[in-house]
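Reviewing the structure listed below.
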Amino acid sequence: MSDRQSSNAYWQANLRIIYVSIAIWALVSYGFGIILRPLISSIPVGGTDLGFWFAQQGSILCFIVLIFFYAWRMNKLDAEHGVDE
Amino acid sequence: MSQFTLNLLFIGASFALYIGIAIYCRAKSTAEFYAANRGVSPVMNGMATAADWMSAASFISMAGLIAFTGYDNSTYLMGWTGGYVLLALLLAPYLRKFGKFTVPEFIGDRFYSPTARIIGVICLLIVSITYVIGQMTGVGVTFSRYLEVSNSTGLWIGAALVFCYAVLGGMKGITYTQVAQYVVLIIAYTIPAIFISLQLTGNFLPQLGLFGTHEASGMAFLSKLDMLVTDLGFREYTAHHNSTLDMVLFTMALMIGTAGLPHVIIRFFTVPKVSDARKSAGWALVFIALLYTVAPAVGSMARFNLTATMWPGALTGDTYSQPAVSLDAIETSPDLAWMRTWQATGLLNWEDKNGDGLIQYYNDAATAGPVVDMAASQALAGNELTTVNNDIMVLANPEIANLPGWVIAIVAAGGLAAALSTAAGLLLAISGAVSHDLIKGTLMPNISEKGELNAARISMAASILVATILGLNPPGFAAQTVALAFGLAASSIFPVLMMGIFSKRVGKEGAIAGMIAGMLTTILYIFAYKGFFFVAGTNILPDTPDAWLFGISPASFGTIGAMINFAVAFGVSAISQRPPAHVQELVESIRVPRGAGDAVAH
């Protein structure tokens with residue numbers, strides 16, 4: 001039973017990390033890159049605006065950081081809950 | 001040394017390398033054939049995934065897609081990279097923990113249903129076969145352009161090469177050739193980009209050059225490009241023109257489609273541990289980003305170079321400060337020899353419609369702006385650069401920028417590496433579905449390990465033959481890779497995998513109903529606008545933004561198909577039985593990483 005509870009707590013913690021990461025994933029691509037572009041268009045980046053930068057470069061860099069952050073955070077979580085390999 | 005000898009030398013050397021690896025990495029068991037014995041390091045797998053993923057389309061076509069549309073086609077950049085976040089967070093680690101060999105196998109076990117597994121196989125085959133035809137035609141085109149052989153000879157040479165390392169080595173051989181192919185293709189892509197960025201912006205990093213200064217005019221490069229294209233009556237490069245809703249849905253369809261592509265998913269079965277699968281997705285994206293952050297620079301700079309070639313005044317001053325390039329220069333000048341080379345391939349063409357001895361390149365559909373006055377004052381009878389194929393932006397790039405012959409030869413080897421590596425990954429997914437899911441899983445469950453390995457090799461050989469024949473005579477649907485392959489992967493495969501991991505409530509009835517609903521609605525929506533089985537003239541509605549339902553293009557519908565899949569699956573599951581206890585246990589077990597190593601012995 002304690003095992004089941006621990007794995008349940010582990011899974012809930014994992015889901016929370018996923019929710020936050022997915023929110024950032026959506027914000028930098030669909031948000032800054034597309035929908036919110038008019039709102040941040042006053043910030044200039046090399047001949048264009050910040051939204052264009054996010055759409056063509058910034059979102060991809062954020063995606064990389066997100067995956068490595070998730071991998072690092074999950075390794076810690078695995079160890080805390082004793083489910084690491 | 002002639003250009004032909006250089007091309008032969010570079011392509012020949014790269015092929016010798018691939019064959020050497022194939023002989024070194026022969027597969028001796030099914031675990032080696034399907035999953036490289038789960039012994040690939042996360043960085044190596046990341047590199048192999050990048051080559052597996054970046055196809056002839058990424059290498060040859062994407063920069064051109066961005067070049068001629070500008071900001072609106074950022075969808076490809078975000079869509080084809082953002083899917084890796086979904087893979088790393090939602091699919092790869094859990095499917096690695098499951099520890100089997102194919103995607104339909106997971107669907108069959110998790111939804112305790114051979115029917116679900118067969119539907120998975122059907123989706124996989126439609127997606128992968130559509131995809132592989134494009135790669136095979138890409139191989140044929142590249143060969144015929146650079147080695148002066150016929151299209152079909154080129155295709156058979158490519159097929160013979162894939163046969164060597166895929167049949168002998170399976171996943172193991174494919175993995176290490178893909179690593180080599182990644183190195184070749186990334187060098188081939190970045191070298192011309194660095195040269196061009198240096199020439200135009202003085203910055204050797206194309207990623208920074210894109211947002212840097214155009215040295216000759218002193219303006220920001222993108223402002224200069226915007227000015228140049230709007231002067232000629234084209235749409236502003238950096239501005240947003242298309243429907244925002246469709247842009248969001250299309251990006252989403254590409255992202256979840258990417259995450260649902262079986263040939264990408266199975267790459268994550270080759271790493272030793274669950275934590276390696278997460279890390280490996282990050283490395284894959286690093287290697288992919290090396291090309292994907294260069295592509296928008298290549299596209300915009302190549303478009304600038306091409307346009308400034310047509311209007312030499314634009315290089316330093318106003319677009320119309322000098323007359324357009326003369327017909328005489330195009331036909332005799334050594335600097336413009338590349339135009340004559342590419343005219344021969346049909347990718348580029350011009351015609352002096354008004355007979356003034358100049359070739360004016362402009363948008364003859366424009367109704368306002370300086371271009372209208374220019375066209376009137378020069379008595380133009382229409383745009384005179386009559387053909388500019390998207391692909392020329394990458395293929396002719398080194399020649400437009402006057403780079404040395406060895407750079408051109410590297411680009412040829414890189415284009416082949418991109419097409420061959422993706423073809424091999426797809427063929428492995430196809431042959432695995434046939435030998436493991438159909439033969440071992442359904443028709444002959446008692447087949448021995450050795451028998452299955454032979455079956456896997458024979459299905460690989462047969463898949464290569466079928467793909468080559470389809471590549472020689474591409475059917476109509478081959479041009480619809482984006483709509484059909486990504487649409488189906490998004491609407492059928494991605495949702496069922498995600499529900500299999502994140503829901504314990506969805507059972508076989510829900511999964512089967514969801515997959516069928518997602519797949520059918522997506523296919524029907526595409527057929528309604530593109531024609532049934534893409535036969536011209538059989539479409540019910542015209543394929544124009546006004547006729548699309550809520551302005552949703554057929555290629556974006558995968559996102560809606562996925563929503564339908566989720567909704568139907570949860571709806572049906574609410575009124576059907578809970579999955580049995582052993583399936584609940586299975587879901588519990590794939591959610592925790594510990595014990596993944598045990599699956600190796602399976």
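Cβ atoms are placed via backbone N, Cα and C, with glycine included.
Unlike curated entries, TrEMBL annotations are predicted automatically.
These figures come from a predicted structure and were not determined experimentally.
Taken from TrEMBL as is:
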{"type": "TRANSMEM", "residues": "B:6-25", "note": "transmembrane segment"}
{"type": "TRANSMEM", "residues": "B:46-71", "note": "transmembrane segment"}
{"type": "TRANSMEM", "residues": "B:77-95", "note": "transmembrane segment"}
{"type": "TRANSMEM", "residues": "B:116-133", "note": "transmembrane segment"}
{"type": "TRANSMEM", "residues": "B:153-170", "note": "transmembrane segment"}
{"type": "TRANSMEM", "residues": "B:182-200", "note": "transmembrane segment"}
{"type": "TRANSMEM", "residues": "B:247-269", "note": "transmembrane segment"}
{"type": "TRANSMEM", "residues": "B:281-302", "note": "transmembrane segment"}
{"type": "TRANSMEM", "residues": "B:406-434", "note": "transmembrane segment"}
{"type": "TRANSMEM", "residues": "B:455-472", "note": "transmembrane segment"}
{"type": "TRANSMEM", "residues": "B:478-498", "note": "transmembrane segment"}
{"type": "TRANSMEM", "residues": "B:510-528", "note": "transmembrane segment"}
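For the transmembrane segment (B:281-302), the most Cβ-contacting stretch among B:6-25, B:77-95, B:116-133, B:406-434 is B:77-95 (pairs under 8 Å). Across B:46-71, B:77-95, B:116-133, B:182-200, B:406-434, the stretch most heavily in contact with the transmembrane segment (B:510-528), judged by Cβ pairs under 8 Å, is B:116-133. In summary, the transmembrane segment (B:182-200) lies against the transmembrane segment (B:46-71): three or more C-beta pairs, each 6 or more positions apart in sequence, are under 8 Å. Remark: the transmembrane segment (B:6-25) contacts the transmembrane segment (B:153-170), by the rule of 3 or more CB pairs under 8 A.
The recorded stretches the transmembrane segment (B:153-170) and the transmembrane segment (B:46-71) do not share 3+ CB pairs below 8 A when only pairs 6 or more apart in sequence are counted, and are therefore not in contact.
Using the rule of three or more Cβ pairs under 8 Å, pairs at least 6 apart in sequence, the transmembrane segment (B:478-498) is in contact with the transmembrane segment (B:116-133). Contact between the transmembrane segment (B:455-472) and the transmembrane segment (B:116-133) is present: at least three CB pairs lie under 8 Å, with pairs separated by 6 or more positions in sequence. Outside the transmembrane segment (B:247-269) by six or more residues, the chain places 34-35, 38, 45, 48-49, 52-53, 72, 75-76, 78-80, 82-84, 86-87, 90-92, 95-96, 99-103, 124, 127-128, 131, 171, 175, 240, 277, 280-281, 284, 422, 425-426, 428-429, 432-433, 482, 485-490, 492-494, 497, 552-553, 555-560, 562 with a CB less than 8 A from a CB of the stretch.
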